[in-house]
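What follows is a set of notes on a single structure, which appears directly below.
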Amino acid sequence: MNDKRKILITCALPYANGYIHLGHLVEYLQADFWARFQNMRGNECVFICADDTHGTPIMVKARELGITPEALIAQSYKEHTQDFADFQVQFSHFGSTNSEENRLLCEYFYKKMQEGNHTRSQPIQQMYCNHDKMFLPDRFVKGTCPKCGAKEQYGDSCDVCASTYSPSDMKDVHCSLCGTAPVMKDSESIFFKLNDFKQYLEEWIPKHCSPEISKKMLEWFNEDLKDLDISRDEPYFGFAIPGTNNKKFFYVWVDAPMGYMSTTEQWAKSQGKTLKDIWQDPSREIYHFIGKDIARFHTIFWPAFLKAAEFRSPNQVFVHGHLMVNGEKMSKSKGTFIAARTYLNHLNPEYLRYYYSTKLSSSVDDIDLNLEDFTNRVNSELVGKITNLGSRGGQMLKKKMDGKMSVPDAEGKKLIEHAQKTAESIAAHYEARDFAKALGEIRGLADDANKYFDEKAPWKTLEADPEGTKQVITTTLNMFRMLAIYLKPVLPFYSQKVAKLLGEKDYVWSDLNTVLTNREINDYEHLATRIEADKVKAMVEEGRKINEEIQAAKKAASTAKPAAAPAPAAAATAGDRPAEIEFADFDKVDLRIGQVIEAEEIKEADKLLRLKIDIGEGQIRQIISGIKAAYKPEQLVGRKVLVCVNLKPRKMKFGMSEGMVLAAGTGGSDLFVLSADDGAQVGQRVK
């Protein structure tokens, strides 16, 4: 009989218009703990995630940066995957909802909805811009917040007071593109008849959600469920709905959960299998990890979609709480709204993994990242209790003795046996996602080992009883090894270093049954060092400064008048103008459309950026451009620009510059890189 479980787990998809922050990591880390634990136990656990890439906010952010939505999501994908990798989150596959697999799935689901008579059309009134001849998504509408009076806020939520509302509730409403007042106009929308699945969902939710989530979700069932508008009007970055002549697009909350399946399909293809081989396999367990703010989408809308398309639903939806910092909501002004990359600039990722594991349970309660407690617990527990065992025992054996273990003494054997018997209890806590309880038992074993080591005081018996001393150290190192095995789901790299110290391969759960004796160990390498308070302060300060810059940029954008043309430069006199040239002279200048592939600051230069630009036909040019004061490198990546490609290459102090990027302005921060319309292709000549 094969007891190996087949498991598929997913996390909510991070949105591709922003960075990963410490709040996001509450979810991704706990899912990673659980996936690693399952694989350690010999189960096959596939861990799937993807970037959520569609919707109006993506369009707006790309427009602000002057790049295409595709370039924005490519940039986010690179940043997100790097952040996850550096935090040791090990996905089986990380995809994107902007994939062919996802488009085909959306169309398939929609077809099944139609075949089951689960859709209907109805005209609804929406804001329409007569100037731009288009319906306006919420993010293309600006006005005064109806709650706090803040001006130039988007049509769905206020950046100042965080209120949500309808665009029709706002005052001084105008199109964010041209500044004109919109009118109300009918648009035919497509609705999913959610109430068709009311009885099914009432039975499904209690079986697949925790009691506290079930109770909350079933409050929606006191009356008929409202049909869900699954369509959005153009312009929209997403998938066009079949049969609408590219005028209607799937709402992002339709294609986002499909991303679980399309990314699973991509992984399945890499294994020579199909989506149905994985998703429809009745022996495979499927679990969703999500935050409580999106529980409704995953426990009402998503199961109904799956039922309509005749796909199985997940075994369980695991819902967690949010992150508080120092007992309060994450704050941008206080610097506690911390990006993953900001944390990584200052601290070891395993320290946060450890701290979160001491806080997380299977409940939906929020967890608190108290920065003082974080520092103290890492220093006293991970460094002082756990790592110190390996450090003291390993270094004494290697430096004071011959570097070879002996056998545990009688008391040590009992200590090790007790630690082994704790395995199933710790495993049960991991299985139940009660990570804090698992860590509590692990710390208890560390306390036992430290008490044993201190009472035996091997540093005192080294000369008088070398063999007895070696037995004490052997016991201590075996206990340290077991702690590293128990901690592997939480601290995978740390565990690998312990295995290397003891000359072993990567640990699996069954290695707990083994006791090391008469083994030569390797040189001890530092596994964890104390956190300095100054590093935590520096991290918070960096977070505060970054968020100040972001808020200043938002404020500048919100106070800027839509569609206002730049102030004209002072009129030049006839004598200031260059002499006229013949067309043949102008024709000598070869201007082409290029796309910025890479951009980086030249730290030694105040004004220069180093750009790598694709000018077509497989040619990548390096161009050194004096636009540093006006643009950050990340604002340029993916952008289509105008390039003079036949300018004679110029050897500069910082490398060869092979062309010129065209920009307008007076210089310094008053520079504006010239861009091409969306239809222009890389390599095309400007005429």
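Just so it is clear, glycine is given a Cβ too, placed from its N, Cα and C backbone atoms.
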Checklist outcome for this item: Expected hit for motif ''HIGH' region' in Swiss-Prot across 14-24, 289-299, 608-618 is 14-24
Item to check | Per Swiss-Prot record, range annotated motif ''KMSKS' region' [choices 329-333, 574-578, 649-653] | outcome: 329-333
Checklist outcome for this item: Within 8 Å of the Cβ centroid of Cys145, Cys148, Cys158, Cys161, the other same-chain residues by Cβ around the recorded Zn(2+) site are Pro146, Lys147, Gly149, Ala150, Gln153, Asp159, Val160, Ala162, Ser163
Item to check | Counts of helix, strand and coil residues, the domain 'tRNA-binding' (585-687), according to DSSP | outcome: 6 helix, 47 strand, 50 coil
Checklist entry - Once the DSSP letters are reduced so that anything not helix or strand counts as coil, what is Lys332 (ATP binding site)? => result coil
Next on the checklist: What residues elsewhere in the chain lie close to the motif ''KMSKS' region' (329-333), defined as a C-beta under 8 angstroms and at least 6 residues from its ends?
Outcome noted: 21-23, 322-323, 544, 547, 550-551
Next on the checklist: Mean pLDDT for the motif ''KMSKS' region' (329-333), rounded to an integer?
Outcome noted: 83
Checklist entry - Of all the binding-site residues given, Cys145, Cys158, Cys161, which has the fewest Cβ neighbours within 10 Å once its own Cβ is left out? => result Cys161
Item to check | Between Cys148 (Zn(2+) binding site) and Lys332 (ATP binding site), the C-alpha gap once rounded to whole angstrom | outcome: 19
